[in-house]
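Enquirer: Attaching a single structure in structure tokens format; questions to follow.
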Amino acid sequence: MLEKGKIAGRQFMILVIFYIMGSAILFIPGKLSAPGKQDSWISALVATGVGLLIVLIYNVIGRRNPGMTIVEYSEHVLGKWFGKIVALVFLIFFLILIALDLRDIGDFLSTQAMPDTPIQAVLIPFLCVVMIGMRYGLEVYTRFAELFFPVVLLLWFILLISLYPEMKFEHIQPIFEHGFKGIAITAPVMVGFPMSELVALLMIYPYVNQKKSAAKGFLVGTLIGGIMLTLLTLVCILVLGVFGTVSSTYPSYLLAQKINIGDFFQRVEALMAIIWFFTLFTRVSIFFYAIVLGLAQVMKLQDYRPLILPLGLFLLSFGQTVSPNIIHVIGATKNEWAMYQMTCGVFFPLLLLGADTLRQNRGRKL
């Protein structure tokens, strides 16, 4: 086994929560509100329910062949060559997602926190920290996430409670203005991003101590992460309105700027930036780990660590060129991208599960 580290079910749950929040806390309110208007929070709730169904599929895969990542499972079910092709599709999917996340980091910090700073100056130190964590294995960045989980929760609740005076409930009226059709059009956006992207966590699933706690942690983490995104979307609409949410590149960051309590507690957008940084760092670390571990398994290497530096150097370039700017990222990751996400995150896992079921049934008949 390439990875000897083990994590607890609670730690896995925290990874799932951070992974879901990741870059989604900056973009999901705007991405949902554009088609869903004031009902976008309902669409987020529906997408969370669909996400739980997707995770049930992942849990079945995890139980079928304990100890196998999704890359190993692909080869086990589909054979050496076709299995490798499907495994590489997953790895390319993860590669694109991590590049987009790195672009998000560079664009956000260079436009909001450190204007006129070259994107390279942001990505180099960030990737260096990620690569150092990778050298020490799965347990290190899992402990990082566990350590900062209470901090993120505390900041999250402070943020939401502080915004209560700014909320205007008329912003979410009338409810169901566009009926179930509007929700059906909007929900797939969040089903694609970030719910279908949870497939990357099947690279970590085998290293959870107990499979029952892994399955429970996956479901509970998805539920909590989905509810947090739903609440954020609702609060964005209540405070900014539909137009303010849709027209802002980073609506949740703008949301934090609206906090004003007694003229002394105000403009605390750093709270949102801290939450986003911790969660996105964890998300990028998961993708990085999934790629190097998956490549090592495809190439039958004894250790994934020699791949860390080459991947880091490649991502430094790819993270800058995957998209020219944040506007292009937002425009390119709508419904068409959601279909690609669901293909990799739903269709291929179902294909593997179906092929495995047929293989097992055929074996019993023989």
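Here the Cβ of each residue, glycine as well, is placed from N, Cα and C on the backbone.
Curation plays no part in TrEMBL annotations; they are all automatic predictions.
In case it helps, TrEMBL gives these features for our protein:
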- 12-29: transmembrane segment (TRANSMEM)
- 41-61: transmembrane segment (TRANSMEM)
- 81-99: transmembrane segment (TRANSMEM)
- 119-138: transmembrane segment (TRANSMEM)
- 145-164: transmembrane segment (TRANSMEM)
- 184-205: transmembrane segment (TRANSMEM)
- 217-250: transmembrane segment (TRANSMEM)
- 270-295: transmembrane segment (TRANSMEM)
- 307-331: transmembrane segment (TRANSMEM)
- 337-355: transmembrane segment (TRANSMEM)
Enquirer: Mind checking which residues reach the transmembrane segment (270-295)? Cβ under 8 Å, same chain, six or more beyond either end.
Expert: 2-3, 15, 17-19, 21-23, 25-26, 69-71, 87, 90-91, 94-95, 97-98, 101-102, 104-105, 108, 112-113, 126, 129-131, 133-134, 138, 141, 144-145, 148, 151-152, 155-156, 158-159, 200-201, 203-204, 252-253, 255-256, 301, 304-305, 307-308, 311-312, 315
Enquirer: Which of 12-29, 41-61, 119-138, 145-164, 184-205 shares the most C-beta pairs under 8 angstroms with the transmembrane segment (81-99)?
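Expert: It is 184-205, which has the most Cβ pairs under 8 Å.
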Enquirer: Cβ pairs under 8 Å with the transmembrane segment (184-205): which stretch of 12-29, 119-138, 145-164, 337-355 has the most?
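Expert: Result: 337-355.
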Enquirer: Do at least three CB pairs under 8 A connect the transmembrane segment (337-355) and the transmembrane segment (41-61), leaving out pairs fewer than 6 apart in sequence?
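Expert: As far as Cβ distances go (cut-off 8 Å, pairs 6 or more apart), the transmembrane segment (41-61) and the transmembrane segment (337-355) touch.
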Enquirer: Hey, which bits of the same chain come close to the transmembrane segment (217-250), Cβ under 8 Å, at least six residues off its ends?
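Expert: Distal contacts: 9-17, 19-21, 24-30, 32-34, 37-38, 40-41, 44-45, 47-48, 51-52, 55-56, 58-59, 62, 108, 112, 156, 160, 163, 166-169, 171-172, 190, 194-195, 198, 201, 205, 208, 258, 326-327, 330.
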Enquirer: State the residues, same chain only, that lie 6 or more residues beyond the ends of the transmembrane segment (337-355) and have a CB under 8 A from a CB inside it; answer 'none' if no residue qualifies.
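Expert: Those are 54, 57-58, 60-61, 64, 70, 73-74, 77-78, 86, 89-90, 93, 188-189, 191-193, 195-199, 202, in sequence order.
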Enquirer: By a Cβ-Cβ criterion of under 8 Å, what residues six or more beyond either terminus of the transmembrane segment (145-164) are in contact with it?
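Expert: Residues packing against the transmembrane segment (145-164) from afar: 10-11, 14-15, 17-18, 228, 231, 235, 238-239, 255-256, 258-259, 261, 265, 268, 271-272, 274-275, 278-279, 282.
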